[in-house]
Structure formats: structure tokens, C-alpha cells
């Protein structure tokens with residue numbers, strides 16, 4: 001794995017932050033490309049050692065997983081500059097169009113061809129992770145962790161909670177992830193150990209967001225979500241049924257319901273999921289090139305607009321026209 005010295009990165013611009021630390025967009029002179037830098041900062045932090053262990057674990061998982069087309073690649077590691085509080089960083093490919101969540105926040109009525117391409121590519125990427133020896137369980141599959149490259153192809157990311165099957169860890173607890181995407185067995189069993197089926201459950205919830213464009217259970221308290229999911233409640237099917245006349249949506253709905261079944265052993269594998277989504281996406285292959293081009297054009301327009309105004313813009317895709325109009 002390449003190591004980049006302090007002076008290699010330039011034009012660093014903060015683009016995100018969280019409990020782990022900071023994410024920067026920048027340019028690597030050595031790699032001669034635009035990059036994203038994920039790092040922790042502030043060695044005086046009381047949980048610095050834990051954050052470092054988490055980042056090292058994410059590095060190890062990415063090194064094992066990043067040879068797949070639909071998994072974000074780790075390009076290099078960033079060394080601590082002399083006299084700086086910055087400890088360590090992961091240098092990854094920069095994704096210009098953000099995440100799946102960003103896509104649905106910016107565009108109303110994402111073309112169906114692109115939706116089915118995304119759900120198929122996510123299934124392929126997850127099938128790759130689960131087919132490794134030993135398998136990798138992601139544990140936090142959700143729209144924010146599905147990035148889109150310049151071609152709008154999927155790049156699965158954020159392996160901070162991921163677990164290599166068979167590996168022991170004192171860093172990541174069993175109860176970890178995003179509550180509304182967590183399987184019921186992860187919420188009601190104190191002896192729970194993550195399995196591949198928990199990722200399949202998360203994929204089922206992600207499919208629902210692909211239809212609704214929303215996050216599941218909006219405005220509902222975490223305790224209510226936890227109790228409801230354990231009792232068998234799931235996101236409203238009406239958000240999917242409104243598209244029942246759209247090609248392949250009934251088949252996708254059936255897959256979604258199978259993925260979020262209550263018993264882990266009743267859920268399909270990602271190998272099965274990817275076979276199903278291949279058939280669904282096949283029905284849209286004649287439309288995908290134009291769909292991608294139109295969405296790319298719109299996202300570029302929005303990016304330019306963002307440079308000259310801070311006002312939020314929403315655009316509606318007109319299915320009977322190639323025009324994109326502000327809402």
C-alpha cells in the first residue's frame with residue numbers, strides 16, 4: 001500500500017465530518033489525481049486510540065475488498081505531518097456525485113433505468129464482499145454509504161463497522177449500525193453476532209428507499225422503531241405500490257419483502273439477489289445510456305447553480321420530455 005507524505009496533498013477542501021473525524025477533497029501530486037482523504041484529527045481527544053483502531057480496521061477491510069468494480073478503492077495511506085495533530089488518513093477515489101442519498105435529495109423522480117442499475121450494482125458489490133474467503137459483513141449498508149462515480153456507477157463505502165467473518169475484535173460492538181436499517185435479530189438479542197443475512201435485510205430497506213426516495217420511519221423515535229421492527233413492522237408498502245404498473249417494480253417489491261423477512265434464515269443470499277436484479281436491469285438496458293447522460297447533465301447544472309447561489313434547487317424529471325425543470 002502506497003504511503004503519501006504530508007507535502008503530497010494539496011488544495012484540500014473539507015467536504016464532510018462525523019464521529020470518525022473529517023473527509024477532505026484534494027489533489028495528490030504523486031497519484032496525479034483527485035482524491036478523498038478520510039482522517040481523524042486531534043490527538044488530545046480522549047477516544048483517539050479507539051478512533052485510530054477503527055481507522056486501521058477500515059484500512060484492512062478495504063485492502064481486502066477493494067479489487068471489486070463496485071467497492072470503493074483505497075489508493076494510499078496518508079502519513080502524519082511533523083508537528084501536526086493529524087494522525088493518519090485513508091486516501092480514496094473521489095466520488096464527484098456524492099451518495100445515493102445525495103442523488104435522491106437533489107433529483108425528484110430519478111429515471112427507473114438508473115434505479116435498477118444501482119440496485120443491481122449494489123447486489124453485485126455485496127455479493128462480492130460475502131463471497132470473499134473469509135467473507136466481509138458490511139453492517140451499515142444504507143444510501144449514504146453507496147457512492148456514485150463519474151459514470152454514476154455504484155461504489156460501496158464506509159467499512160468502519162465492517163467485520164471479517166471469523167476475526168476477533170474488541171473494537172466494534174455487536175450492536176452497531178444505523179437503527180432503521182438494522183435487522184430485528186440485531187435489535188433484540190444481546191448475544192447476537194453479525195451474519196451475512198443482516199446485510200441482506202439492510203438491502204431490503206435500501207430497496208424501499210429506492211422507490212420512495214425517503215429515509216424509513218421519518219420522525220419516529222428510535223425506541224419505537226426498535227420495538228416495531230422486532231414486532232414485524234416494516235416501511236409502508238404504499239410507497240412501492242404506487243409504482244405497481246412500472247416495469248419490474250412488482251418483481252423488485254417481491255425481492256424487497258424477501259430481503260426484510262423476520263427470520264434471518266428465510267432471507268435470500270446476495271448471490272440470489274444479484275441473479276434477480278440482473279433480470280430486472282436487463283429490462284432497462286436500452287434506456288440506461290440516456291438516463292445516465294440526462295442525470296449527469298442535471299447534476300452538473302445543479303453544481304454550477306450551487307456555485308452562484310446558496311438557494312436549494314429541486315428538479316423534476318419529466319418522463320415525456322428530455323427537459324429538467326425546477327420545482
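Every residue gets a Cβ built from N, Cα and C, even glycine.
Values in this document were obtained by computation on a predicted structure and should not be read as measured data.
Annotated in TrEMBL:
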type: ACT_SITE; residues: 140; note: active site, proton acceptor
type: BINDING; residues: 38; note: ATP binding site
type: BINDING; residues: 145, 158; note: Mg(2+) binding site
type: DOMAIN; residues: 9-281; note: domain 'Protein kinase'
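A mean pLDDT of 86 is what the model gives for the domain 'Protein kinase' (9-281). Residue 38 (ATP binding site): 24 other CB atoms within 10 A of its CB, across all protein chains. The residue listed as 'ATP binding site' sits 17 Å from residue 140 (active site, proton acceptor), counting Cα to Cα. If you measure from the Cα atom of residue 158 (Mg(2+) binding site) to that of the residue listed as 'active site, proton acceptor', you get 8 Å.
Secondary structure from DSSP puts residue 158 (Mg(2+) binding site) in coil.
In the three-state DSSP assignment, the secondary structure recorded for residue 145 (Mg(2+) binding site) is helix. The Cβ of residue 140 (active site, proton acceptor) has 20 neighbouring Cβ atoms from other residues within 10 Å, across all protein chains displayed.
Under a cutoff of 8 A between CB atoms, and with a sequence separation of 6+ in the same chain, the neighbours of residue 145 (Mg(2+) binding site) are 99, 138, 156, 157, 158.
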